[in-house]
Amino acid sequence: MKISFIGSGKVGAAVAYTASLKGLAQEIVLTDAFSDKARGEALDILQGQAFTPQAQIKYGDIKDTAGSDIIVITAGIPRKADEPRVLLLSRNAGLIAGLVKEAVLYSPDCILFMITNPLDVMTQLAYQVSGLSANRVIGMGTVLDTARYRSYLAEQFGIDARDIDAYVVGEHGETMVPLVSQITIKGIPLTELPGYESAAIDRVCDEVRIASGQVIALKGGTVFAPAASACAVLEAIVKDSNQILPVCTYNSEYGVAVSLPTLVGRHGAGPVLNVPMTDCEKAALEKSVANIKAYVAELP
Ligand code: 2OP
């Protein structure tokens with residue numbers, strides 16, 4: 001398994017490091033517009049290898065990513081705390097289109113894993129310009145928001161986050177939809193938990209919506225939750241686990257890239273699963289999809 005990173009900033013480097021700790025690849029290649037940054041991060045990971053799983057950690061330019069099984073794209077300008085993710089559209093679109101095309105030339109059989117924001121638009125763009133089938137262009141999407149949702153629910157109700165089945169779907173952005181009607185704890189509806197009150201769920205949903213802005217305001221950017229979430233997706237691909245994750249993929253029913261619970265394995269992503277939703281949740285998802293489409297229409 002060869003995993004290459006286009007963009008070795010804070011998030012790219014953290015994903016690469018986490019992937020190396022999890023032993024997800026035999027070969028990891030870091031690239032960055034600032035080549036010293038890629039070299040520095042690669043050397044830093046390499047120097048710890050006496051105590052971590054062994055992998056070849058390399059740095060270089062896009063040519064060195066040739067033959068990758070997975071290409072992780074984190075390149076681009078990140079957002080500030082008070083900026084919506086979508087403001088990055090004009091900043092990142094041209095850059096990402098060029099990088100995707102070049103990466104696929106060197107790795108025509110790869111799975112593209114998109115992390116750059118605005119996530120849904122960048123996934124749609126990568127799907128359009130890469131020529132790859134939809135199952136091989138995967139955005140991290142609301143996997144990250146889902147991680148936050150489960151973590152905050154776990155904290156609120158004092159239970160193990162890994163026992164919680166709950167999803168955030170739709171846009172990885174302002175209109176994300178935390179699904180409340182389907183939350184279960186190992187098959188038991190959340191409403192059956194001692195101490196359950198619907199106001200607490202509303203508070204958790206609000207917290208999830210502002211979660212990244214809060215971290216960005218405090219430390220300048222989100223890093224560890226994105227790295228953990230990205231590596232959950234990478235692990236599902238590498239181990240061919242067919243895990244259900246709300247990744248972002250082009251959805252022919254909606255006509256745009258959007259996050260929904262999807263099987264993820266060595267083939268990439270798909271099929272998308274039908275989650276039961278209330279009418280209110282369905283309407284919120286439709287609104288979220290419309291929002292993504294409006295942003296996609298702004299692509300140059
Ligand atoms: C996040 O949600 C900034 O999209 C990034 O952490």
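Note that Cβ sites are derived from N, Cα and C of the backbone, with glycine treated the same way.
As the structure is a computational prediction, the values presented were derived from the model and not from experiment.
TrEMBL has this to say about the protein:
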DOMAIN    1-139  domain 'Lactate/malate dehydrogenase N-terminal'
BINDING   Gly7, Ser8, Gly9, Lys10, Val11, Gly12, Asp32, Asn92, Ile115, Thr116, Asn117  NAD(+) binding site
BINDING   Arg79, Arg85, Asn117, Arg148  substrate binding site
DOMAIN    142-296  domain 'Lactate/malate dehydrogenase C-terminal'
ACT_SITE  His172  active site, proton acceptor
Annotated binding-site residues Gly7, Gly9, Ile115, Asn117, Arg148, filtered by Cβ under 6 Å to ligand 1
Asn117
Within the domain 'Lactate/malate dehydrogenase N-terminal' (1-139), how many residues are helix, strand or coil going by DSSP?
65 helix, 25 strand, 49 coil
Tally every other Cβ atom lying within 10 Å of the Cβ atom of Arg79 (substrate binding site).
21
Cα within 10 Å of Arg148 (substrate binding site) is the criterion; apply it to the recorded positions Gly7, Gly9, Asp32, Ile115, Asn117, His172 and give the hits in sequence order.
none
Taking every protein chain in this structure into account, which of the recorded positions Arg85, Arg148, His172 has the most other Cβ atoms within 10 Å of its Cβ?
His172
Do me a favour and check the Cα-Cα span between Arg85 (substrate binding site) and Asn117 (NAD(+) binding site); whole Å is fine.
6
Measuring Cα to Cα across Arg79, Arg85, Asn117, Arg148, which the record gives as the substrate binders, how far apart are the two most distant ones in Å?
19
Segment-level pLDDT (mean, integer) for the domain 'Lactate/malate dehydrogenase C-terminal' (142-296)
96
Integer Cα-Cα distance in angstrom, Asp32 (NAD(+) binding site) to Arg79 (substrate binding site):
18
Recorded NAD(+) binding residues, Gly7, Ser8, Gly9, Lys10, Val11, Gly12, Asp32, Asn92, Ile115, Thr116, Asn117 - maximal Cα separation rounded to whole Å:
17
Set of same-chain residues at least 6 away whose C-beta sits under 8 angstroms from Asn117 (NAD(+) binding site):
Gly76, Pro78, Arg79, Arg85, Leu88, Asn92, His172
Other CB atoms, at most 10 A from the CB of Gly9 (NAD(+) binding site):
21
Within a 10 Å radius around the Cβ, which one of these binding-site residues has the most neighbouring Cβ atoms: Val11, Ile115?
Ile115
